[in-house]
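Here Swiss-Prot flags 311 as active site, proton donor. For 176, 242, the entry in Swiss-Prot reads Mn(2+) binding site, with the evidence type sequence analysis. Residues or ranges marked as prenylated FMN binding site by Swiss-Prot: 179, 180, 181, 193, 194, 195, 198, 199.
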């Protein structure tokens, strides 16, 4: 089933028993996080809070939380019925990432419908967009009227978490979609927390170089259809826009409308859009925001001190400086739904997303490394800091080649600290088997690869330097000649005929 907007998805989830409406007053300050966290850990439904209230303040917008709280709901959002079907999406992305020339006329004819479908999914623009039915400008913009979550007791301020940020570099036709958290620092300002390698930050870097001193346009979308949301967190090839990929997932072209104050396109059937800019400022400027947050000029633009916030690591992160997004205009539906989430100690909603998107990664890796049988990012490892890879080993040193390949092939794995490589007789998703392989097939000195001074997640306080740290690879495969001089162990295998007889006997024993 495919969904035109967030409301279509909500209705479908409710029909399936995958969404619960909460009519009692619940506060976006701490309470919604606690309720969603308990519900997620119980593998419960999405929650639609219909009466958000903090103290005497009642909010007009209902709040949607725990939307992608189970892998199945992620799959449904991507147009699939179950998580295993996401491998098909991964195969499509693998082909689009590195398309192979047709092997002949028949092969070209077989591939033509797929390429035509991709071309046919270019987004279309409409003028009268539901998301622009209500327009608030200038002094009318007040983020305090939105039920923005204050997720954890130690968080410095309310935080926009599911903002789909739309940017475009000065020399690019394609827009970039990214999801970056945004700290509220005044009625119309937030901090745009994006790391230097992310698409929005790269667009802003190019803008500063080519158009210094000019406001950088940004639009932030809150609450759009699931295909567009998930397209923004999927490793889409550079040749394909996220909007086009969302159309492929949905089975229909993404309907966009131009922002009223800039040339960025946003989903026409979204709930809320924040339009504005990153602000240039005078050299040497320093001050404080309306909410008392330190401000200063960096590279000609206004920045603010962000954090601390509870993060997906399960800890509060360090403070750092990021650019300030000034909101000139807020457009919305008359009865807009505010979509939010939280990040915390795994397993949280981003970790669940990681479990589902793991299935998308596997075919992409297999196209580059056909010897890979499975690839698993355990959610307990923050969904990206540890990977377990099983391979059909073919030569000495093969495991180390796969480690290096995984670290370098997709930018999504740049921050993976630990990679364990096992043989194809080991289930990567069964820790008992992985531990057995590590403890019986590994020598700690011979089979451990340590790499120093590599890019590391900025949030990883365990690294010796912010953004720079080590990586460890563990070769837990059976060793080949050249890797050991010793006779290698022969695994115990049950007699097949005896096992078959015992299978029959087992049914009669009542054990």
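Heads up, the Cβ atoms here are built off N, Cα and C, so glycines get one too.
Of all Cβ atoms in the protein chains displayed, 22 besides its own lie within 10 Å of the Cβ of residue 181 (prenylated FMN binding site).
Comparing residue 179 (prenylated FMN binding site) with residue 242 (Mn(2+) binding site), their Cα atoms are 12 Å apart once rounded.
Compute the center of the Cβ atoms of 179, 180, 181, 193, 194, 195, 198, 199, which mark the site for prenylated FMN; besides them, the chain residues with Cβ within 8 Å of that center are 165, 178, 192, 200, 201. Residue 194 (prenylated FMN binding site) carries neither a helix nor a strand DSSP state and counts as coil.
Note: the CA-CA distance between residue 199 (prenylated FMN binding site) and residue 311 (active site, proton donor) rounds to 21 Å. Ranking the recorded positions 180, 181, 194, 311 by Cα distance from residue 242 (Mn(2+) binding site) puts 180 first. With all protein chains in the displayed structure included, the most crowded Cβ environment within 10 Å among the binding-site residues 193, 198 is that of 193. Secondary structure at residue 181 (prenylated FMN binding site), taken from DSSP and collapsed to helix, strand or coil, is coil. Ranked by how many other Cβ atoms sit within 10 Å of their Cβ, the recorded positions 242, 311 place 311 at the bottom. Cα of residue 311 (active site, proton donor) to Cα of residue 195 (prenylated FMN binding site): a span of 15 Å.
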